[in-house]
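TrEMBL lists 1-32, 705-733 with the feature region 'Disordered'. TrEMBL lists 58-78, 84-104, 116-137, 143-164, 185-205, 217-237, 298-316, 346-367, 379-397, 647-668, 675-697 with the feature transmembrane segment. Among the features that TrEMBL reports, compositional bias 'Basic and acidic residues' is placed at 717-733.
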């Protein structure tokens, strides 16, 4: 029997003391038998739900995979604006579940809410794809369409998030609680399968297909939109098989009013004239039915347990930010395959697909055979510990990267190297203000300098005197320098003599994991260099020096160049991760213009494979924490508030992202220290959660049923008595 089913007799089960009407509960949905999958205890209807979730997650993650590049290269926003809008959209996607849960539980029910908001979702994808068509209006129209489309997508994906998982749980009968637990693992599996495939496919649709002569963002957004349409059709096809619990009335409004009335009544009667109540919510008994109070008690107990949870998401979600930035300073060449820094995130869904069956079929069973009661809360606590260890490993990797990276000039220091583009050897002497020799080197023509020389300054800026001996000629020149900057002194022919120019190299401190390059043009004509991007790189004639340009790592055997008189190609060779190159365009042979290559900064030395341990640890933690927490939220929710509690679970993700933003903006820590800080913070939160979980007694259907049949207020002391700690005692609708 459903513990929340209304009494069929004419006798009223709950009689409110006050005269205010409380909306009656609709009757529970009928316990009709559902067709099973191949004679098992799994309802056939969950197949449609799982496929729907796979397509929806493909749609969501596929669209997000190219969203930042769309802002950057199609709408031509700055990096800061692109990043801000990207994270604002992500946060909105995790706040709108509250609205979706309220609609489902109070008005439409889960099934209709999923159908209607999926239509909004598809419409958002259509508008978003239209905003990526270059032939449709200008940038203003593209921006408006993009913002409208993203807003509708956020409403759609957020609105159905708390409904789909809970609706799948509704398909199971009470006696099949174990199968329902396994369903949440399969459900989570479908999420990561959709994420894994879309993360590979949509960037290929964007970059490998050309639309109107540019990257095809319209196709990259359109295919995810098509997958969302398929998700809607598949979900609707199973309509006749679903068990559809009706909405419970305006539950969220009742909960808020009940809590507010209990708090206000408690403070109004603080004098002590009234008898004490066992629970602070019992102060609402004069106005609200006991069943509602029981449901709110169960809800608030779980919400209290949710307080530490955002910290886990704060760590998990840094895979797409801090860990990706860490990967930009590592070498992605694995020998058999080359990984771009942002592609490393694919490890997470890939490992989830492996770990879920591994944990369900092997690890949890072995733990059970050892006689250990591995409850849901204990699994979640272990997941937190694994995330803590993952960030400790990330900190160790970060420290090692810093040790292998080139040192940076400190205060009152500069780094200087000399590039000799004359046709013979030049002796360079650097003199200080008192004509003391600071540096003396003989540099051959087109000699590839292996390192920078460190020079000390007396003040933050200073003039250096340079003596250049070339053949029988001595040239004296002064150059002003500033502290903490890298410089290149370029020596060039000037008739029968030589001259020099000082070039700042400060841009080469970071290249965001890409390859940075600049050109020096010794020709007497301006050169236009095409690097495969929308904007060409123009290098002025007669030793003109270009700005830096970043490109993807790879082989560049034939880079197209042109002058007013001719077109030619330059072989730039392999441009490796994180390296900084200088190319000198010369015409010293009969083979036409060529590029002389010098490596300013060496490529990243530490392999990106060293990130594998931290990804494995955090993903194992995610499987133990997130999958278990999803099932725990459903099992502990009153039947009238399951979607509300699912939305609250998703809300912890949004709060976790806010924690990351606060720490990143105000901590001022070095990156390795920030990883240690998050690791220690996670450990403290894990201890707090473990203490809270130790005193938490899982809600059991018989407890609710027993209290519901009494006319006297329930005795909350029963929650303090020792009881069965098995978290899988599920409460079904």
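Think of each number as a place in line: the chain as shown, counted from 1.
Note that Cβ sites are derived from N, Cα and C of the backbone, with glycine treated the same way.
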### Task
Tell me, please, if the transmembrane segment (58-78) and the transmembrane segment (217-237) are in contact, taking contact as 3+ Cβ pairs under 8 Å between residues separated by 6 or more positions?
yes
### Query
Considering pairs 6 or more residues apart, do the transmembrane segment (185-205) and the transmembrane segment (346-367) have at least three CB pairs under 8 Å?
yes
## Note on the structure
Given the transmembrane segment (143-164), its same-chain partners at Cβ distance under 8 Å and 6+ residues beyond its ends are 49, 52-53, 56, 60, 63, 70, 75, 89, 92-97, 99-101, 103-104, 110, 113-114, 117-118, 120-132, 136, 643-644, 646-647, 649-650
### the transmembrane segment (379-397) in contact with the transmembrane segment (675-697), cutoff 8 A, at least 3 CB pairs, sep 6+
yes
### Query
So which of 84-104, 116-137, 217-237, 675-697 is most in touch with the transmembrane segment (647-668), counting Cβ pairs under 8 Å?
84-104
### Summary
Contact set of the transmembrane segment (298-316) with the rest of its chain, CB cutoff 8 A exclusive, min separation 6+ beyond the ends, reads 255, 259, 281, 377, 383-384, 387-388, 390-391, 618, 621-622, 625-626, 629, 633, 636-638, 641, 644-645, 648-649, 652-653, 655-660, 663, 678, 681-682, 685-686, 688-689, 692-693, 696, 699, 704, 719
## Note on the structure
Tertiary contacts of the transmembrane segment (84-104), defined by C-beta under 8 angstroms and 6+ residue spacing from its ends, are 60, 64, 67-68, 71, 77, 110, 113, 117, 150-151, 153-155, 157-163, 247, 252, 643-644, 646-648, 650-651, 653-654, 657-658, 661
